[in-house]
Amino acid sequence: MEETKKYAPTDTTKLLDKFNKILYVFGFRGFWMGDVKLPKTVMKIIDILYPVLIITQGTFGTLQLGAYFTQKHLNSVQKIDALVMGFGQPMMLLYCLNCRYYKKACREVFYHLFVVLKTVYNDKETEENMVKRLKLYFGAYLIFSLLVVLLYGSYASVETVRKGATFVTVVTAWPDVTDTSKLASYARVGIFMYWSVYSFTTSVVIIIVLIIFLGLTYQYINLQRYFENLNSIFENDRLSHEEMEKNFEKALQNGIKAHSETLWCVKQCRMICSAINAGVILLTTGTLVILMPAILGSKDDLLEAMMYLMVSNIVLMIMAFFMCNAGDTTVEAQKLPNAIYSCGWYNCYGKRSARIRSLVVVAMIQAQEPVVFTGFGVIELSYENFVTIIKSAYSLISVFH
């Protein structure tokens, strides 16, 4: 059991406490400093089943990859599904392993972003905006994920009724798609039910990375508000100017320290997400290249077209979660030097003036270092590259289709 820490509750920590329950249920334990607020009996059952969950995840991923070698009677739709799911979901499993490997780093980043740095300064409006955005993303991702599962199940059911085909939702190494035995039929239903849970389990890593990127973005907004509000120190008529300068210097030092801790979080985030960023770019681009011709070829089957469109939408959503939110962090970090310059240093003309100006210069130099996240070390995660990748995938299909 991971050590928990006490902290003052905020809107963000309350949301993370709720999310911590989901993490624990799906096998991501110890990513948050707070207690897991679940009944002890439920936690004991989850602890017992945890090794089973890990083993079955690996087994299921292997079964999906094995379909390439064992399934010889796939129709066109099943071949596309085997490519998309058989390649994509085992890769998602690797993302999960990556996050579990860096669990302590994730835990520390969460704690510093949402607890330690918020003790220095926490702008209420900024926090409310972040919580709203997190809830919106959680909700949208959950709805789209559910729709994908439902559409796959519906399509397989319709094909079973309409053409007398076997109930195949996810192509695995066993059973064979042409096997009509009772054992194979029961196995397919069980595979569909397990796949529904498996999809949400592997998707948790997307939410973990999303929380980190959003936390960094709003931490930079928070720092901007902090430095901009330092001017108000000189509006206190009850203090002498020397006392105001003393308070300003101390507050400036606290802000610089908070920025240094934020840069540490950025460094940790790069370490945690470097492989995931590259994998997401590769996975989403490859999936789009596979799905675009499939969508064009399914114009006579509405349910099939809807299924592919929904999968394409969730792929684009995952890419946007990474590239656009990482790009937001870069944009907000670029605004910090101006906020530091506007902190009110020009109000200091006493004996501390030279020291304060030196601190401001050092802080601005530090803030001017670009905060950029990349995939493969060269592809910057940003809005522009998000659009570029989509255009490239479409252009590639246009050439060969």
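Each position is counted from 1, following the chain as shown.
In case you wondered, yes, glycine gets a Cβ from its N, Cα and C as well.
For 48-68 (among others), the entry in TrEMBL reads transmembrane segment.
Taken from TrEMBL, the feature transmembrane segment covers 80-97 (among others).
Counting same-chain residues at least six beyond the ends of the transmembrane segment (136-155), those with a Cβ under 8 angstroms from any Cβ of the stretch are 19, 169-170, 192, 195-196, 199-200, 203, 206-207, 210, 214, 303-304, 306-307, 310-311, 313-314, 317, 321. Feature annotation from TrEMBL assigns transmembrane segment to 136-155 (among others).
Residues or ranges marked as transmembrane segment in TrEMBL: 192-216 (among others).
The transmembrane segment annotation in TrEMBL covers 275-295 (among others). Within its own chain, the transmembrane segment (275-295) is flanked in space by residues 77, 80, 83-84, 87-88, 91-92, 94-95, 98-99, 205, 209, 305, 308-309, 311-312, 315-316, 318-319, 322, 326, 373-376, 379, 381, 389-390, 392-394, 396-397, 401, which lie at least six positions past its ends and keep a Cβ under 8 Å from the stretch.
Same-chain residues lying 6+ beyond the ends of the transmembrane segment (307-326) with a Cβ under 8 Å from its Cβ atoms: 80, 84, 137, 140-141, 144-145, 147-148, 151-152, 155, 206, 209-210, 213-214, 217, 276-277, 280-281, 283-284, 287-288, 291-292, 294-295, 298, 373, 381-383, 385-386, 389-390. Feature annotation from TrEMBL assigns transmembrane segment to 307-326 (among others).
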